[in-house]
Amino acid sequence: MAISPRSLHTVAAAALLGLGLSVSTPSQALPISECIAPADPGGGWDFTCRSVGKLLYDLDLVDNPVKVVNMPGGVGAVAFSNVAGKRADDSDLIVATSTVGITQIAQGRYPGGVDTMRWLGMLGTDVGVVLVDDDSPYQSLDGLLEAMVDDPSSVVMAGSSGVGGWDHIRALMLAEAAGLPDDQIGSVRWVQFDGGGPAVTQMMGGHVDAVSTDLGEIAGFIKSGDVRVLAVLADKPLAPPFEDLPTAVSQGYDVTGYNWRGFYTGGEVSDADYRSMVDTLKTLYDSPEWKQVAERNGLVPLWRGGDEFNAFVRDTADKVESISREIGVIQ
Amino acid sequence: MTVDVPSPASHASALGDRLAGAVLLLLAIAAWWHARTFVTGFHQAVGPDVFPRLVCVPLGLLALYLLVRPGINERWPGRAALLRQAGLLVLLGGYAAFLEPWGFLPATLVGSVLLMRLFDAAWRQALVSGASLTVILYLLFEFALGIPLPDIPGLGL
Amino acid sequence: MEILGFLLHGFAVALEPQNLLLALIGCAVGTLIGALPGLGPVNGVALLIPLAFNFGLSPTAALILLVSVYYGTMYGGRISSIVLNIPGDEPAMMTTLDGYPMALKGRGGEALGLSAVASFVGATVATIGLTLFAPLLVGFAIRFGPAEYFALFMLAFATIGGVTSGSFTKSLLAACLGLLLGTVGLDPASGVSRYTFGWYELYDGIDFIAALVGLFAISECLLFLEDRHQTTGASRELGSAIPGMRRAGACKATIARGSLIGFIAGVLPGAGASLGSFLSYTLEKRWLGRQGDFGNGDPRGVAAPEAGNNAAAGGALIPMLSLGIPGSGTTAILLALLLSMNITPGPLLFDQQPDMVWGLVAALFIGNVMLLVLNVPLVGLFARVLRAPSWLLMPVVILVAFVGVYSLNNSPFDLYVMLAFGVLGYGLRKLHMPAVPVVLGLLLGGEMEFNLRRALAISGGDWSILVGSGISVGIYAFAATLMVAGLVYAWWIRRTPEAG
């Protein structure tokens, strides 16, 4: 549409409104100035970038507002290849990621392995949960898993990831812990929906039997009593209001399944810059404001940073790779 | 333009339809054939190859029908018009290619001036309007909408 | 009635002077953003969310501002659809079919006015439906499983012959092409990449907006270059919006049917506003039969999809608010908006935060009224824009489209996609093949495929699940009836040539 003189007034008004919101900064070796969200606006990675970027500025950890760039594609592969190829030594850039991204790497779906990037830290985590409808015949995790072991195709499970995605793998880890033989693990029926909410709704409509997904997204259904939680995949019981939900560990299945949110940066960033970025994120994590933002969005604040985080990422990738091999997602 | 009742004089022979039918038929066959590479290790009731193949069947059949019984086409343009159209595509392709290496401001300035020339503006008009358009777009996206545009390398603009 | 009390309270809040001013600003800014080809509600709202917070607005005020921007961008999309034949977003596509021919006849202002009134009525019907039937409709919506959704998409493609007056074969062919193009990208269910040939940029599939803008805007420019002495597509005179608003009275039956169909499509979370506007148009065309002149600037061809689209947007609030499921792209934005304000939609929202829910409903309503009022001066403004010489207008449209599409993903690749679709769109026009089914295939193909695969994953590969429920059998029967009726109608038209 052409810009006529009259509409310029509107533009000017909009520009006035937008001042202080979007000043692009020169790319010098300042602390974090840009965050890539490898997804469209509105998703989890976008939220991670926007909330952390805003807090970094609000807490005066950076001099200028952090610019958020959405770079969707290939569940993060586009951003990954972009950073590896063009911006590997860019020490003012952070990229949002999560367990979902690591799963993709472990299954060889990114152009490069874990070592391509430097892993900065995780700031919080969502917890996996297995649930059924409130009038489902399955009263406990034992009941569900027994039925699965008896006849793997008798239970239809659903979640927000595809076959071999994190929701699916977490569910299969449980089935495996219950004694489902490796050669039958592929017969468990798995249905993918566009998110945890749609999966739960379809379960309420009687179209699928059980759902494996993240707690944060479907917390409303738990509070309203429309669903029955069979297990949360955490080490220990959660904080209120979810303290009464049974963990899988307490029921004798040694399975945990977190979905953390964190950041990486290019692989050629110097040690000194890397350390200062990790410190910046740690300071942010320690602030009460972050705890508030995290909890409001269904995340449990949890910190792993620097070398510890690097080792953790590597370990997660190894675990996912081995189970993906067992179920045949990768050869 | 898109009005669906062209005068009979604007109808060319149905060569275009036959050509399109042939191309789409080949596309359907190629797509069917390429779907054999969509394999998963994990058993799925309907794998990733089924739906594309299901679509290829009507696509191929309808394309074949078009090939045999073509319908109405519009007249295709003459050489001068084709040159102008090719010019537009080359210009826009070039703009896309230079947007990131040059940065938004210079690429858009050059692009808009040439584009206006292509649409028969005088040089003076094109330069003035192109420059204003570039600046307005920059201010609109970069500041009013807060959408970052590619910077000029080394300048941060 | 308790609900009514909350709703009245919501309106009382929304009608405070500060909130009315915010609604006015939001609608005006939104209209401007939406009228820029390639920029739509996603950009408008996503970018203004932080702004609402910087201003320290109260939650209700922020909601009113953002909802107004959202409505503004939707309406802005109609303006470029009608005036320039370039849909601003997916649901606006159907509006080009009769809106642009109306503009060609110098009745663009009338089309804009009519579209505003139809939108308003559609949204109002949806608001009333939402107020009265929300709990009931949730129960209906969850009965739709994957097999039922698949049937719904089959219905959409069975009616595709009704999209344009072109040949049925060509419409179907275009739809198949769109469906095939829609499979490009990473298959989310298995992680296998399809038809990407190693390009990571294609892993998320072909970007709808890039394809849409290419098919409509770039092809328009290519066509224009063919004969440089013709005028730009649209007539230079738009006329006034007032007669359009009056004409809405004559279209009231159309608007009512469109609203109803749109509302039902909206309530089903897998269907969304695009399907709502699409079905409203094609079913209305079938309904009117030879009384209509769809595709050649029939005002009812503008009224039906506009009412349907807005009723669908309103209906989609039901699953969004009560189940937390964004049924369409547009409600996904509203969901992000609510989440950013610390409101988690879900089964408890209606009970726990009724003031918020009904405040939102009131905000939507105010946004619609504001657009209706703004319409008159806006038509004048856009009429002035159209008087710009074509050497200025065309390049400006192209460049804004370029920058808009580039900014979606920050990827030059999308620009090449847009150019490729521009060439495709040009070819389609020359072949008298409609472009709308291509976009529909691209848009709906993904959901159609996944619902098919979900259904068969549930049944373990037994295809009979597709006709396993009364709902899906009913939808198939309806689709078959329409298909047969369409063929009979086409045959009848051929027999009586005077019915052009």
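Using N, Cα and C of the backbone, Cβ positions are placed for all residues, glycine too.
Check TrEMBL against the ranges C:172-193, C:238-259, C:260-281 and you find transmembrane segment recorded for C:172-193. As a quick check, the transmembrane segment (C:391-409) and the transmembrane segment (C:205-225) clear the bar of 3 or more Cβ pairs under 8 A, pairs 6 or more apart, so the two touch. Contacts between the transmembrane segment (C:356-379) and the transmembrane segment (C:140-160): absent, as fewer than 3 C-beta pairs lie under 8 angstroms at sequence separation of six or more. Sequence-distant neighbours of the transmembrane segment (C:111-134) (same chain, 6+ residues past either end, Cβ-Cβ under 8 Å): 3-4, 7, 74-75, 78-79, 82-83, 95, 98-99, 102-103, 238, 240-245, 247-248, 251, 255-256, 258-260, 262-263, 266, 299, 302-304, 306-315, 317-318, 321-322, 350, 361, 364-365, 368-369, 371-372, 375-376, 378-379, 382.
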